[in-house]
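Participant: Mind having a look at this structure? Questions to follow.
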Amino acid sequence: MERLQGLLLWLLLSPSVVWASRGPLRPLCRPVNATLAAENEACPVCITFSTSICAGYCPSMVRVLPAALPPVPQPVCTYHELHFASVRLPGCPPGVDPMVSFPVALSCRCGPCRLSTSDCGGPRTQPM
């Protein structure tokens with residue numbers, strides 16, 4: 001009976017979640033301008049540069065009632081299309097690569113958070 005109640009609640013709320021996610025005031029998942037810093041321990045200077053990153057709202061759902069169903073994956077705003085650009089760190093000694101590459105968001109989408117390329121906010125098993 002509890003499973004049926006949870007399913008019924010989900011079916012009732014799903015259309016309102018879809019409707020609410022199409023509202024004109026919500027911050028969409030989209031590329032936005034950002035200023036980042038680049039550094040290398042072997043180089044004396046840290047520089048800042050501008051790029052575009054993915055940011056904004058992705059519709060999500062959290063179950064209020066305990067359910068026997070598995071947890072619902074929460075989508076995040078992530079890269080859909082991107083290219084890489086580079087900046088040169090000044091003053092690096094010979095033998096040290098002065099180039100730092102970074103992603104530039106061309107388009108974004110709501111999708112699963114991939115631990116292989118993103119910081120998803122939880123514990124990591126390996127460094128990026």
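Sequential numbering from 1, following the chain as shown.
Using N, Cα and C of the backbone, Cβ positions are placed for all residues, glycine too.
Copied straight from Swiss-Prot:
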type	residues	note
DISULFID	C29-C77	disulfide bond
DISULFID	C43-C92	disulfide bond
DISULFID	C54-C108	disulfide bond
DISULFID	C58-C110	disulfide bond
DISULFID	C113-C120	disulfide bond
CARBOHYD	N33	N-linked glycosylation site
SIGNAL	1-20	signal peptide
Participant: How many whole Å apart are the CA atoms of C29 (disulfide bond) and C108 (disulfide bond)?
Facilitator: 6
Participant: For C77 (disulfide bond), which residues of its chain lie six or more apart in sequence with Cβ-Cβ distance below 8 Å?
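Facilitator: Long-range Cβ contacts: C29, R30, C54, A55, G56, Y57, C58, C108, R109, C110.
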Participant: Might you list, by sequence position, any residue in that chain lying six or more from C43 (disulfide bond) with a Cβ less than 8 Å away from its Cβ?
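Facilitator: Those within reach of C43 (disulfide bond), by Cβ under 8 Å and sequence separation of 6 or more, are L89, P90, G91, C92, P93, V96, P98.
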Participant: Can you name the residues of this chain that are 6 or more positions from C113 (disulfide bond) yet have a C-beta less than 8 Å from its C-beta?
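Facilitator: Correct list: Q74, V76, T78, C120, G121.
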Participant: What residues, ordered by sequence, lie under 8 A Cβ-to-Cβ from the residue listed as 'N-linked glycosylation site' and sit at least six positions away in the same chain?
Facilitator: S50, T51, S52
Participant: Highest CB neighbour count within 10 A among the disulfide-bonded residues C29, C92?
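Facilitator: Per the Cβ count, the most surrounded site is C29.
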